[in-house]
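The structure appears right after this line, and notes come after that.
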């Protein structure tokens with residue numbers, strides 16, 4: 001039987017067991033919404049747990065006086081000039097207690113400002129002054145975990161299935177984020193940071209792809225929107241919980257403990273029957289289809305399953321990442337995907353680093369950034385279903401280019417602060433739109449056996465590109481506040497141009513094999529515009 005016939009038959013069989021029934025709805029709520037939001041909250045929780053509050057040397061003796069904290073600091077802590085020439089208390093020196101006025105390094109530890117945090121991981125371990133580089137090291141190991149996990153776990157998902165990757169990802173998060181509460185050893189913490197970040201993208205990608213592959217094809221964009229909104233809600237709720245429980249240990253337990261329950265839901269998850277059939281595992285595919293039928297309250301249609309058992313799929317051999325570059329046309333769109341993904345990630349991370357430099361309430365800074373993404377995701381869903389996945393990205397990168405060019409002018413004039421705020425909000429919306437559109441287009445463009453690999457490679461290359469962001473933030477000190485936005489405008493232009501050459505998948509018969517994907521790319525013109533029924 002030809003591959004095209006097999007794919008047609010599978011959609012027919014999936015409809016018979018239910019492709020939008022109670023099982024899919026429960027799966028969507030439990031895994032694509034709650035699980036995705038929970039994983040996102042845990043993922044970002046370590047970033048805010050590493051916050052370094054304002055600090056100064058602890059000098060004994062105040063408890064036997066009536067001095068306030070500020071009065072005691074005036075007597076015991078020297079002043080210094082910050083990078084802008086403003087006076088501030090030294091964070092790493094104190095006066096020698098012999099009355100000579102001589103400055104020495106902190107001898108009795110540090111005191112920390114508890115306005116926002118009663119304890120963070122950094123303040124608990126005194127990662128300040130000569131140990132301040134430990135915080136940078138922590139972010140380095142977190143990034144290494146991102147890169148390794150996204151590259152390896154995505155490919156493993158296409159090789160061994162989505163379900164085991166869900167279990168492995170959940171275990172990595174639990175180990176990395178709970179065990180770090182019980183050690184202060186530097187290397188143990190760094191390894192746990194790396195382990196906890198391994199499934200940064202694979203965790204919710206695995207369950208989203210399973211849901212897409214057991215649902216009717218028209219549900220792809222809706223499922224992607226659900227996942228993205230859950231991501232933003234999880235990101236937004238996380239800092240509010242830390243605000244309520246400002247001790248990082250208690251906060252981490254509150255955030256991470258619910259994930260333990262998902263270990264008991266492992267058997268509820270089905271392996272993607274579409275993936276199983278694609279890999280030639282027809283018997284296992286039948287068992288998973290029966291589970292879906294029962295979950296939808298339908299008796300297993302034995303006569304239909306007999307037809308499915310007779311299917312002899314043409315098992316397509318894939319070679320992981322190399323399959324993305326196996327033909328000229330696949331190489332072209334894979335390179336375009338990596339340019340788009342890197343451009344988006346670079347812009348996102350550079351804006352994120354700038355957010356960390358803002359003053360005020362740190363919890364609300366995180367909250368507003370997260371909530372600002374939701375309108376962009378809703379706009380992305382609307383545009384993707386109206387003008388297509390390709391043209392929505394073209395629009396998003398074009399608007400991002402304009403916003404960044406405006407910001408090069410706005411950020412250098414304090415009188416234009418309100419315009420900076422509005423422009424940044426629009427830019428944040430465009431980034432959310434682009435993320436949504438790329439996720440949908442990537443899943444629809446690549447065949448079943450390559451979907452998770454493509455997502456992981458795109459995320460990995462984006463992470464590598466974003467490693468340059470701190471360098472460009474550093475250059476802003478020499479070239480002015482507008483310089484980072486000149487760089488972001490250049491990346492927006494790259495994303496805009498690469499989007500123009502990406503194929504449109506809206507209303508199209510989606511490829512299920514590398515050969516079909518190659519033909520699909522080759523036969524579509526650059527200015528193709530999707531219309532329903534075409």
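Any Cβ shown, glycine's included, is placed from N, Cα and C.
Annotation comment: TrEMBL describes 87-507 as domain 'Major facilitator superfamily (MFS) profile'.
As annotated by TrEMBL, transmembrane segment applies to 29-46 (among others).
Within the same chain, residues 46-47, 50, 52, 122, 125, 127, 165, 168-169, 172, 176, 186, 189-191, 193-202, 456-457, 459-460, 463-464, 467 sit at least 6 positions outside the transmembrane segment (134-153) and bring their C-beta atoms closer than 8 Å to a C-beta of that stretch. Look at TrEMBL and you will find 134-153 (among others) tagged as transmembrane segment.
Per TrEMBL, transmembrane segment is recorded for 165-182 (among others).
Taken from TrEMBL, the feature transmembrane segment covers 188-211 (among others).
The transmembrane segment annotation in TrEMBL covers 223-242 (among others). Remote same-chain residues near the transmembrane segment (223-242) are listed as 28, 32-34, 36-41, 44-45, 48-49, 117, 204, 208, 211-212, 215, 248, 251, 254-255, 362-367, 369-371, 373-374, 377-378, 380-381, 432, 435-436, 439-440, 443 (criterion: CB distance under 8 Å, separation of at least six residues from the stretch ends).
Residues or ranges marked as transmembrane segment in TrEMBL: 248-269 (among others).
TrEMBL lists 333-354 (among others) with the feature transmembrane segment. Sequence-distant neighbours of the transmembrane segment (333-354) (same chain, 6+ residues past either end, Cβ-Cβ under 8 Å): 324-325, 369, 393, 397, 400, 404, 424, 427-428, 431, 434-435, 438, 442, 445, 454, 457-459, 461-466, 468-470, 472-473, 484, 487-488, 491-492, 494-495, 498-499, 501-503, 521.
Listed by sequence, the residues of this chain that lie at least six past the ends of the transmembrane segment (391-412) yet keep a Cβ under 8 A from its Cβ atoms are 340, 343, 347, 380, 383-384, 419-420, 423-424, 426-427, 430-431, 433-434, 437-438, 441, 480-482, 485-486, 488-489, 492-493, 495-496, 499-500, 502, 504, 529. Among the features that TrEMBL reports, transmembrane segment is placed at 391-412 (among others).
Taken from TrEMBL, the feature transmembrane segment applies to 418-436 (among others). Counting residues 6+ beyond its ends, the transmembrane segment (418-436) has Cβ neighbours under 8 Å at 224-225, 228, 232, 340, 344, 347-348, 351, 369, 372-377, 379-381, 383-384, 392-393, 395-397, 399-400, 403-404, 406-407, 410-411, 495 in the same chain.
Residues or ranges marked as transmembrane segment in TrEMBL: 457-477 (among others).
The transmembrane segment annotation in TrEMBL covers 483-502 (among others).
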Proximity verdict for the transmembrane segment (29-46) and the transmembrane segment (188-211), three or more C-beta pairs under 8 Å: yes
Contact yes or no, the transmembrane segment (165-182) and the transmembrane segment (483-502), 3+ Cβ pairs under 8 Å, gap 6+: no
Seg_contact(the transmembrane segment (457-477), the transmembrane segment (248-269)) with at least 3 CB pairs under 8 angstroms, min sep 6: no
Cβ contacts under 8 Å made by the transmembrane segment (188-211) with residues that lie 6+ beyond its boundaries: 24, 27-28, 31-32, 35-36, 39-40, 42-43, 46, 137-138, 141-146, 148-150, 152-154, 157, 162-163, 165-166, 168-170, 172-173, 175-177, 179-180, 223-224, 227, 230-231, 269-272, 443, 451-452, 455-456, 459
